[in-house]
Amino acid sequence: MLVNILWPFVPAAIAIHFARKDLHIWIFALNYVAMVPSANLLGFAGGELAKKLPKVLGVLLETTLSSVVEIVLFMVLLHNDTGGNLIPVIQAAILGSILANLLLCLGLCFFFGGIRRHEQSFHEAVSEVGSGLLLVAGFGLLIPSAFYAALSSSSTKAIITQEDLDHSTLVISRSTSVILLVAFIMFLFYNLHSHHSIFDEVLENDEQRDEDREEELQRTKLTLTECLVAIAFSLTFVCMSAVFLVEEIEYIVETGVSDNFMGLILVPLVEKAAEHLTAIDEAWDNQINFALFHCLGPSIQTALLNAPLAVIVGWCLDKDMGLNFEIFMIVLVVLSILVVGNFLRDGKSNYLEGGLCVLVYVIIAVTTWYYPKVEGESGGHSGHHTE
């Protein structure tokens, strides 16, 4: 894959981090690019390992391995956070990851898959479960922000103090996170146990439709040991790049790049690069159900697993990490879920729907670039520490 030509950036990024710590922009840029081949190798090794497992379990494992990059970034950001300075970046990255999967990745899948054929059809079990779960997840993520926004207006200042409002919002965020984790466990049980036969059949049929099937069957497969070594190797470089990248975020923000743009657009693009390339390749080969799994699956994992995990780990570290997002951002996510759900409703896709999704994502990216950081709003860190 063309991504492999980026491997020279990996040693270069490590070297410049230790040799020239003053070159903040260069360190950020090189590690940003270096994460792409490392994440791609992680995704490839995960895909090879997935082929040795039952279909649904394999796809979920592959998706989870891709989400490891995101989890590592969130944990490093939380660890490096001092006084809530990086929490807005984490919050924006959570929503940005969902947006990138739903609009950019799914849009590109529909577009490139639709170029080669009149339309593509996907199974309702994949689209309905995926869009339904995302709608519930979006609702869960919206509640703490809506609560904070409703009670932070001037007309309610006499009813509740700012300190009580911050505390209540944090408690709601933590409670919601636990509930979302329960929803994720139910999602896993549904996919892997009670209804796994439906999804196994869907993915098996998709595999038969693969237009590169003969080439895939002839290609040399990695052994189990090789898969595990490749995963360990790539995960090491991903973690190193993530740590070096996060250390430079504050310096990059000082150059004029907002926290919102950094979290909503820049971070999700690199953390999900491997997943996006895999999904687009599957759509191109007419494996649209596999592609949907790789678009909707990571979005569901971000909303129901990674985001709650960040909140709970922040809770354990005594940091005010919550689901109190900027209203502007969370509204964008909920609207995007509704738009994508509407496109999935008929069980068919074409290049027009894909192109429209990508254009909506570009509009959001442009708007986010000009959206200022507003202190004290629902997405920002309130500045109060609550025990």
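Glycine is no exception: its Cβ is also placed from the backbone N, Cα and C atoms.
Because TrEMBL annotations are produced automatically, they should be read as predictions rather than curated entries.
Feature annotation from TrEMBL assigns domain 'Sodium/calcium exchanger membrane region' to 24-191, 229-369. The transmembrane segment feature in TrEMBL is assigned to 25-44, 56-78, 90-112, 133-151, 171-190, 227-246, 327-344, 351-371.
Here the transmembrane segment (133-151) has long-range neighbours at 94-95, 98, 102, 159-160, 165, 168-169, 172-173, 176, 179-180, 183, 187, 296, 299-300, 303-304, 307, 322-327, 330, 333-334, 337-338, 340-341, 378-379, meaning same-chain residues at least 6 beyond its ends whose C-beta is under 8 angstroms from one of its own. In summary, the transmembrane segment (56-78) lies against the transmembrane segment (227-246): three or more C-beta pairs, each 6 or more positions apart in sequence, are under 8 Å. For the domain 'Sodium/calcium exchanger membrane region' (229-369), the DSSP-based tally of helix, strand and coil residues reads 116 helix, 2 strand, 23 coil.
The stretches the transmembrane segment (351-371) and the transmembrane segment (227-246) are not in mutual contact, being linked by fewer than three Cβ pairs under 8 Å (pairs 6 or more apart in sequence). Note on the transmembrane segment (327-344): residues 91-92, 95, 98-99, 102-103, 106, 110, 122, 127-128, 130-131, 134-135, 138-139, 141-142, 145-146, 149, 260, 264, 353, 357, 360, 364, 371, 377-379 of its chain, located 6 or more positions outside it, place their CB under 8 angstroms from a CB of the stretch.
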